[in-house]
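Novice: Can you keep this structure in mind? I'll have questions shortly.
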Amino acid sequence: MDQAGLSNTSITLADISFQNYMRLAGITILYYDFLLTFPGEVAYCWRKPNSATSCLFFLNRYFSILVSFVINVENFAPFRTDMLCNVYALFRQVALFVAQIVVCCILILRTYALWGRSRRILVCMIATAVMLLTISFWAMTDEKHSTSIRLGCHSALAQPTAIHLAIAWECLLVFDILIVSLTLYKSYKEISWSRTEGTGILNKLILLMLRDGAVYFTVMACTNLANVLTFYVLPPARSGTFVTVTSSISVMLVSRLMLNLHKGAAVSRAASGTSATVEFVPMQHRHSDNSSCLV
């Protein structure tokens, strides 16, 4: 491995403990939320497991749960060579990034439905996503880091590598900001509509912010911003250690958002006595009795 720029990237026992704590924090968030929401998942998602939204929900949740388990088990396992540790480190980065791609796909579909299946919005989101994904893949190549196989596999990033990985997560941050902006603007348009109808604007604003997921998306964006900053402000052996927590929070929030939609569809079905379902359909001011929009 090219060791240029790695002379100041030694890994101490304190750094190893810090990395372990951060990775355990990520899996704790994910698994604790899973235990809290599992009864609701059984009640609202398992009834129609073959529906498109249920499949996306299961992919988002269980892929991350499986990956987090593998990452943490291997994190404490003995590694005989640095090469195996390097392979594990690459797998960890790729797996966490794939989990974020799944999250982004769900956000694209949800925002597409929120905007009434507007092709302009869809093209804008897909074009932005493809461009940012291309930049991210470029940024994740040519990694240079030192490794330690004491007490598991741990790595310290060289400064150029830290900046490259930061660029990859900055691309995700840009996409989060795009989704937040589209959601807030749509909320503003809905508020303007409610004002012309004479409804209460403050209460309407709160309900729209919660319903449209702007609060969730803002939390995701802020968490990712904190993650990006770690690549610049923390020392090499602790740079990027917030990645697992960031991924877990994103997966958790999107899972809760989709679970709330399934719950809302079930409540609507029980109240109307019809077959309300969660679908990627346009949002309207007046919904039909037999469907519930994914908004």
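Positions of Cβ are set from backbone N, Cα and C atoms, glycine also.
Okay, these came from TrEMBL:
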DOMAIN    21-66  domain 'DUF6533'
TRANSMEM  24-46  transmembrane segment
TRANSMEM  58-77  transmembrane segment
TRANSMEM  89-109  transmembrane segment
TRANSMEM  121-141  transmembrane segment
TRANSMEM  161-185  transmembrane segment
TRANSMEM  214-234  transmembrane segment
TRANSMEM  240-259  transmembrane segment
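Mind mapping these onto the model and telling me what they sit next to?
Specialist: Summarised by DSSP class, the composition of the domain 'DUF6533' (21-66) is 39 helix, 0 strand, 7 coil.
Among residues of the same chain six or more beyond the transmembrane segment (161-185), those with a C-beta under 8 A of the stretch's C-beta atoms are 93, 97, 100, 104, 107, 111, 114-115, 121, 125, 128-129, 132-133, 135-136, 139-145, 212-214, 217-218, 220-221, 224-225, 227-228, 231-232, 236, 239-240, 243, 246.
Here the transmembrane segment (214-234) has long-range neighbours at 107, 157, 162-163, 165-166, 169-170, 172-173, 176-177, 179-180, 183-184, 187, 208, 240-243, 245-246, 249-250, 253-254, 256-257, meaning same-chain residues at least 6 beyond its ends whose C-beta is under 8 angstroms from one of its own.
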Novice: Grab the same-chain neighbours of the transmembrane segment (240-259) for me: Cβ-Cβ under 8 Å, and only residues 6 or more beyond its ends, written as numbers and ranges.
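Specialist: Here the qualifying positions are 18-19, 22-23, 25-27, 29-30, 33, 37, 40-41, 44-45, 53, 56-57, 60-61, 64, 68, 71, 93, 96, 99-100, 103, 106-107, 110, 157, 162, 165-166, 169, 213, 216, 219-220, 223-224, 226-227, 230-231, 234, 278.
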Novice: Against which stretches of its own chain does the transmembrane segment (58-77) lie, if we need a Cβ under 8 Å and a gap of at least six residues from its ends?
Specialist: 20, 23-24, 26-27, 30-31, 34, 41, 45, 49, 88, 92, 95-96, 98-99, 102-103, 106, 151-153, 244, 247-248, 251, 254-255, 258
Novice: Hey, which bits of the same chain come close to the transmembrane segment (121-141), Cβ under 8 Å, at least six residues off its ends?
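Specialist: The answer is 93-94, 97, 101, 104, 108, 111-112, 115, 164-165, 167-168, 171-172, 174-175, 178-179, 182.
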